[in-house]
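What follows is a set of notes on a single structure, which appears directly below.
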Amino acid sequence: MRLFKKRNTISERHVKANKRAEDLVPSGLMQRCPNCGLEFFARRLDKYKTCPDCDYGFRLTARERLAWLCEESEEWFKDIQPSDPLHFPNYEAKVAAGKKKTGLNEAVWTGLAKIGGQETALAIMDPFFIMGSLGQMTGEKLTRLIEAATEKRLPVVVFTASGGARMQEGIYSLMQMAKVVNAINRHKAAGLLYLVVLTDPTTGGVTASFASEGDITLAEAHAMVAFAGRRVIEQTIHEQLPKDAQRAETVLKHGFIDRIVLRQEEKETLAWLLKYGGMQDD
């Protein structure tokens with residue numbers, strides 16, 4: 001029985017990590033691509049923050065994306081603040097952390113912008129603000145943006161990046177799905193263009209509502225596009241999903257996305273679509 005109680009020390013005898021040396025390695029020196037697994041020096045990332053091997057787009061803050069996407073921009077509705085209708089424990093602290101991390105008042109930047117010289121109403125969701133979750137005021141900002149675009153007869157471009165509905169706001173969060181989609185339907189009824197760009201991750205209630213309503217739907221390479229999480233599905237069907245089941249390429253293959261666009265090509269592609277797809281007869 002002593003044999004089974006013997007401690008395995010092979011790794012301790014043959015692989016000894018130098019803890020002091022590890023402490024000398026600067027934080028953030030290396031990056032690992034979550035899609036292909038490539039490890040590379042972080043300095044290889046440019047403003048687009050894409051993997052040098054597979055073109056996976058690392059997550060960006062709304063302001064990082066705004067910096068290379070638009071020549072001009074004007075933020076709208078920046079005074080709208082998140083609400084706490086359920087007085088959820090620690091929610092205010094999460095909101096404060098999200099504000100500090102992103103410089104935004106909510107999980108979405110909204111405003112007027114010029115992309116390749118084309119004027120548009122623009123919304124960019126920020127995955128670093130409570131995972132880009134859809135809260136009551138997130139929905140309010142999106143709805144006001146779309147309604148203003150309808151009134152001014154402007155196209156709308158929305159970049160989605162979200163973990164879904166914000167659980168800390170309960171039913172108030174879920175109501176935003178219908179609210180935003182209704183605004184989109186009125187926008188479309190006015191003969192105006194609505195473009196969506198799906199980025200990593202686009203999931204949950206956002207996928208089930210305004211992310212799926214685009215006249216034209218683009219997606220970034222290898223972005224996660226899903227409704228329920230992988231573990232939830234696997235535990236329900238008692239089967240393991242294919243590795244790429246919730247990737248943009250698979251969603252494209254099944255007809256729910258029109259095209260996958262590399263980040264370096266997004267500005268040019270959107271400018272072309274806005275120029276020719278967003279033209280309106282006076």
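Placed from the backbone N, Cα and C atoms, the Cβ positions cover glycine too.
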When Swiss-Prot is consulted, the range among 33-54, 143-164, 187-208 described as zinc finger turns out to be 33-54
Sequence-distant contacts of the zinc finger (33-54), meaning Cβ under 8 Å and at least 6 residues beyond its ends, amount to 60, 64, 67-68, 221-222, 262-264
Counting every protein chain shown, other Cβ atoms within 10 Å of the Cβ of Cys36 (Zn(2+) binding site) number 13
Going by C-beta under 8 A and a gap of 6 or more residues, the same-chain neighbours of Cys54 (Zn(2+) binding site) are Cys33, Asn35, Cys36, Leu38, Ala221, His222
Out of the binding-site residues Cys33, Cys51, the residue with the smallest number of other Cβ atoms within 10 Å is Cys33
